[in-house]
């Protein structure tokens, strides 16, 4: 059995096989997931697992160099945005790099998800709690 926090085999495999600049999306329960993209559905019930819990576990396994967030989160969900940016700052410190943070319209964000290797659906039920993580290299 694995020693690290991430126990979900499908998600662990996805992260392990990410190449440089490939992306993984973590989303709330409502984001539309294109049929052409692998769905890793972790949602059990409203709020379980949360967006932030899932982000924390994923970023313990994944080296991140860039993220994309929907612009609308600034107005519609500032609490999650603040917590997300705090987690990214902590990740920068842990990884020893600067993570590029980009904001795009929600419509553009959804188009970007088409290029994700997978989309991880959480039980989060708050608006615009979504992020696209782009893989970096730790060297």
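Cβ coordinates are placed from backbone N, Cα and C, and glycine is handled just like the others.
Values in this document were obtained by computation on a predicted structure and should not be read as measured data.
Noted in Swiss-Prot for the protein shown:
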ACT_SITE  20  active site, proton donor
BINDING   28, 106, 128, 129, 130  substrate binding site
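Features recorded in Swiss-Prot, as mapped to the structure shown.
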residue : record                    : Cβ contacts under 8 Å, 6 or more apart
20      : active site, proton donor : 135, 136, 137
28      : substrate binding site    : 51, 121, 122, 124, 125, 126, 127, 128, 129, 130
106     : substrate binding site    : 70, 71, 72, 128
Residues near the substrate site, 28, 106, 128, 129, 130 excluded, by Cβ within 8 Å of the Cβ center?
27, 30, 31, 70, 72, 73, 77, 109, 126, 127
